[in-house]
Amino acid sequence: MAERPHPPEVDRVAASRRAVAVRRERASLKKDVAMRVISPQELLRRAWADPDSAAGSLRITDFLTAIPAIGENKRDRILADLDISPVKRLGGLGSRQRVDLQAFLDARLPEPQPRSGRSRLLVLAGPTAVGKGTVAAHIRDNHPEIMLSVSATTRSPRPGEVDGEHYYFVDDAEFDRLIAADALLEWATVHNRHRYGTPRAPIDAALAAGRTVLLEIDLQGARQVRSAAPDATLVFLLPPSWDELVDRLVGRGTEDAEERARRLRTARVELASQGEFDFRVVNDTVPRAAAEVAALAH
Ligand code: 5GP
């Protein structure tokens, strides 16, 4: 019997490299669902748009256990209820199985819906290291119709930071005075260290003049704006993936291991709050994310 021809060495090397890359991509997608960087439904949309993709080749069992609050027992019950074999991959689910799985998720874990009303008060928040500051600066430099609010802070200026432009740098006594005078729309102690707050008067003036105002603040601040100005538009900036967020956090290289671990835990909790926001924008590239945020103002 003639021996089957072997694929050339280069092809095999390329194929195994591809297999490793797809496996890695699947692991990364599972983390994205586990950390709530993407919804389970979003992963299904990707799997069904391209069954040959990493998402499409994910096993249904791995998909379900990646979802927060679904363990192995619950997973097995769900598979039995939906009549799906545990060896199935997402891209290989039949049309009825797809409909049932989708309905199950929509009922248990409804995706947040973008809200319809728009306000000219725009709040940009998101997890640590997602790049809020960079996106906000890009909007300030490229969308002159939007006023970027300048916060007051008790931290000291970093090299290159200009008082009145990046922040109003104030001491503790002055910050206390601003609070007492009700001059801040919101304020918070960030990273357990310094206080930051949004001066109210410039925002009221800009809104009265018909301009759009953008606040780049932390999560506690966003919640305060929500209760002080319920029609404000709250935007949550998401990383393209959990791995990418970890890279950005660690990439700064300025914190020790314990501080990094603390920041990752914080980021995880912060991501879990995205349902409180009106819109989610992925910071894949700064100009694109900035344009999407700016467009929400119209
Ligand atoms: P940084 O010290 O790196 O400039 O800012 C640290 C954090 O403070 C960022 O997460 C930023 O969003 C937040 N921040 C800046 N200004 C304000 C503010 O006026 N209010 C609140 N609540 N957070 C702010």
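Note: Cβ is positioned from N, Cα and C throughout, glycine not excepted.
In sequence order, Leu124, Ala125, Gly126, Glu216, Leu237 are the residues of the chain that are 6 or more apart from Lys132 (ATP binding site) and have a CB within less than 8 Å of its CB. Under DSSP, Lys132 (ATP binding site) is assigned to a helix (H, G or I) in the three-state scheme. The ATP binding site annotation in TrEMBL covers Gly126, Pro127, Thr128, Ala129, Val130, Gly131, Lys132, Gly133.
Per TrEMBL, domain 'Guanylate kinase-like' is recorded for 119-298.
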